[in-house]
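Novice: Structure incoming, see below.
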Amino acid sequence: MLFKQQVWLRQKLLVLGSLAVGSLLYLVARVGSLDRLQPICPVESRFGGAHNQAELPLRALQFKRGLLHEFRKGNSSKEQVHLHDLVQQLPKAIIIGVRKGGTRALLEMLNLHPAVVKASQEIHFFDNDENYAKGIEWYRKKMPFSYPQQITIEKSPAYFITEEVPERIYKMNSSIKLLIIVREPTTRAISDYTQVLEGKERKNKTYYKFEKLAIDPNTCEVNTKYKAVRTSIYTKHLERWLKYFPIEQFHIVDGDRLITEPLPELQLVEKFLNLPPRISQYNLYFNATRGFYCLRFNIIFNKCLAGSKGRIHPEVDPSVITKLRKFFHPFNQKFYQITGRTLNWP
């Protein structure tokens, strides 16, 4: 009798150990790095009391497991999810830009979908010669673990404006899907400036005012040599990409609308990626303190983007804003024509 109990106990410990390892591997594969997200704490349960922050990743894991099961339930009942199915896949979709257009927000929101797995950091494989020289296998090993049915997505906004990138991505996968999130060009340029300004101030360095950078003092015209201005000429960059990819492989996300009405934009992306609709209004809630939408995984696990998001922009001379919008207008019209999406920017 004692021998049977010992055997039973060893078997039970083996099963529990396997479950613990499995949970850890799945957590790494699906939840990924939380470095750019900040938990809302304390999180109150509907049953009362605040949950320990250390419990939150496990609760999120349990919720996402349920979503993954829902996504896979159309398969044969004989098919099971096994840990050995986990692989590091090359991305099937890439958010290629635009810087300060909302790339991080888009990636984190898409990660709500059970069929999406995100690369937690910007890889900078295609825009960095040193990284690119390491080869495609190095790039693949930078990807998170996922199941074959899932889509791995990475984002590196520098891809959009870097000349060599379209050809390099084409050589990897000529049928890849490309996401471009854009904002009103002048607003985006000011946001770009604001991020650089904040970095200078942290180092106690002085920096020119936006007006002096955006307007050429010699000609009083828009300074197209200023990177923040050049980046906002979306059509110039897109034309370079269209030499390698048809327009059907691009999806334009309205970054301004993603801030105010994220769900319709996310539903369009789901359709573009041929994903079943899984993201709902339940997954998104407006945080009045931060002034933008945050993510809800379940009733106790909520996340907001890091505090660096939603920076307050400096006041800019209205005449400069008018001049910039007049400058961008013809480029915007061409962008609408090429993409088939009118964004009604001023």
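Counting begins at 1 with the first residue displayed.
From the backbone N, Cα and C atoms, a Cβ is placed for every residue, glycine too.
Since the structure is predicted, the reported quantities are computational estimates derived from the model, not experimental observations.
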Novice: Under Swiss-Prot's annotation, the disulfide partner of Cys294 is which of Cys220, Cys304?
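Specialist: That would be Cys304, the partner Swiss-Prot lists for Cys294.
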Novice: Taking only the residues in the topological domain 'Cytoplasmic' (1-12), give me the average pLDDT of this model.
Specialist: 41
Novice: Write down the Cα-Cα distance for His124 (substrate binding site) and Lys100 (3'-phosphoadenylyl sulfate binding site), rounded and given in Å.
Specialist: 16
Novice: Given the substrate binding site residues Glu122, Ile123, His124, Phe125, Phe126, Asp127, Asn128, Lys155, Ser156, Pro157, Ala158, Tyr226, Lys227 in the record, what is the largest Cα to Cα distance, rounded to whole Å?
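Specialist: The two farthest binding residues have Cα atoms 25 Å apart.
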Novice: Quick one: of Asn128, Ser156, Asn204, Asn287, which of the recorded positions has the smallest count of other CB atoms within 10 A?
Specialist: Asn204
